[in-house]
Amino acid sequence: MKIGVIGGGQLGRMLALAGTPLGMSFAFLDPAPDACAQALGEHIRADYDDKDHLRRLADEVDLVTFEFESVPAETVAFLSQFVPVYPSAESLRIARDRWFEKSMFKDLGIPTPDFADIQSQADLDAAVASIGLPAVLKTRTLGYDGKGQKLLRKPADVSNAFAELGSVPCLLEGFVPFTGEVSLIAVRGRDGETCFYPLVHNSHESGILRLSVASSNHPLQALAEDYVGRVLKQLDYVGVLAFEFFEVDGGLKANEIAPRVHNSGHWTIEGAECSQFENHLRAVAGLPLGSTAKLGESAMLNFIGDVPPVEKVIAIEDCHLHHYGKAFKVGRKVGHATLRCPDRSTLDRQITAVESLIRHS
Ligand code: AMP
């Protein structure tokens, strides 16, 4: 089976690493000459709205999937005429726009921060008057890794905020005084079969994910599965979906969903029976899903900008290196390490060892 992937970054690369043993081959459509997935499959170098190359991709593959959600809607609609596309155009439409996404959560009874659609500075002033400060202003689309958002603490932060984010449609959200951030990675097959990985606790720095730790028997697991299950059913979703929550007052508030494999699920490559990448491919290909059971205690640490010396990373016991083959760049995710340890105290020790390597390299 040949899988077409829109996007050829590290997520596409890891999909191919998981799918190749299943007998799958891959074609990636990505305009970047150095798209790092090209080491693992055919690289169709073209813009995401280039109809000739999209048609070529559709003719070559059995189905198309995505490694990022900001794909133009017309691209998805165009491809859908010729080849099955998972997740669906509707799932992408909702997930790429924070207003549609939060409105869906609200309709499904999933708690969220207070939110308002912002089309002008006047809308923002009115929303701040009702939601209050502090609040977070976010562009409705194209935000990632903390980009496209602004924390509004005091009235002076509000006066020019809409223009500062580019005068594009935005969402204002009440600030959530969270005690933690967790994500749930779920997978749903074409036949509706659904599995959930254990909740993951995530730590960010400067808006970028640094550390994910998979939990054991998290008290909010069942609640998170209930919320995510509602979304999967609503969207008749096929594939892996990541759902990020704020932990607050002993409950959960929905932050956002990603309709794809997700950075907070990378630990599953070594830390779970079947990884998020393999399970995404199984789901979109109509194959039976694999077990999401955790193996031992597991965590993932991102390498941002640069990968520490390979020999030092792999010298750490229980540590598995994933080097994306990307050039150094400040703030760029260039690799990660997965830890899989027999117990929690060993895991904590090994996290400290990798963090120290990151600090000193
Ligand atoms: P996002 O791109 O929406 O995931 O936001 C990036 C990060 O900003 C989150 O992981 C949080 O740490 C923080 N953040 C986003 N929205 C809020 C909010 N409404 N209240 C508090 N912190 C937030």
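Here the Cβ of each residue, glycine as well, is placed from N, Cα and C on the backbone.
Predicted automatically and left uncurated, TrEMBL annotations should be read as such.
Residues or ranges marked as ATP binding site in TrEMBL: R98, K138, 143-149, 173-176, E181, H204, 255-256. As annotated by TrEMBL, domain 'ATP-grasp' applies to 102-285.
All features noted in TrEMBL, drawn onto the structure.
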| residue | record | Cβ within 10 Å |
| --- | --- | --- |
| R98 | ATP binding site | 23 |
| Y144 | ATP binding site | 13 |
| K147 | ATP binding site | 12 |
| E173 | ATP binding site | 22 |
| V176 | ATP binding site | 19 |
| N255 | ATP binding site | 21 |
Provide the three-state secondary structure of E173 (ATP binding site) computed with DSSP.
strand
In three-state terms from DSSP, label R98 (ATP binding site) for me.
helix
